[in-house]
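Enquirer: Below are the structure tokens for one structure; questions will follow.
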Amino acid sequence: MERRRYSQQRERIYQAVMASKEHPTAQMVYDGLRQELPQLSLGTVYRNLHQLAQEGCLQELEGPMARFDGVLQPHSHIRCDCCGALADAAPAYDAALDQGRVAAGWTVRGHDLVFHGVCPACAEKR
């Protein structure tokens with residue numbers, strides 16, 4: 001896919017995701033950068049995150065709110081059912097699952113494993 005031209009905003013958006021351990025949403029990236037880049041709009045953040053994901057620079061993780069991950073190697077996640085927080089999970093990616101027959105006539109290209117639970121912050125509030 002054709003790479004878009006460089007811009008300071010695009011680079012800072014990318015760097016913000018790479019520096020985050022939280023798998024940030026577009027809103028989180030915007031909130032973290034708007035002091036530094038006052039001309040930045042939330043729409044610009046959304047467009048650049050989606051473009052970076054399409055180019056294979058970031059991973060877009062689906063859910064109630066899209067989150068973004070700079071780790072491109074396959075790995076597992078855990079999502080909080082209360083607040084939507086997302087974190088990397090310990091179980092290693094099992095490439096052997098991609099080689100098996102999981103459904104007749106289908107060719108497996110990969111798989112996602114997302115655990116669901118309650119994060120420590122939400123558990124403490126209960």
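Don't overthink the numbers, they just go from 1 along the chain as shown.
In case you wondered, yes, glycine gets a Cβ from its N, Cα and C as well.
In TrEMBL, annotation is done automatically, which means it is predicted and not curated.
Okay, these came from TrEMBL:
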- CYS80, CYS83, CYS119, CYS122: Zn(2+) binding site (BINDING)
- HIS111: Fe cation binding site (BINDING)
Enquirer: Name the residue among the binding-site residues CYS80, CYS83, CYS119, CYS122 whose Cβ has the smallest number of other Cβ atoms within 10 Å.
Expert: CYS83
Enquirer: Other residues with Cβ within 8 Å of the Cβ centroid of CYS80, CYS83, CYS119, CYS122 at the Zn(2+) site?
Expert: ASP81, CYS82, GLY84, ALA85, VAL118, PRO120, ALA121, ALA123
Enquirer: Write out the long-range same-chain contacts of HIS111 (Fe cation binding site), meaning residues 6 or more apart in sequence whose Cβ is under 8 Å from its Cβ.
Expert: LEU97, ASP98
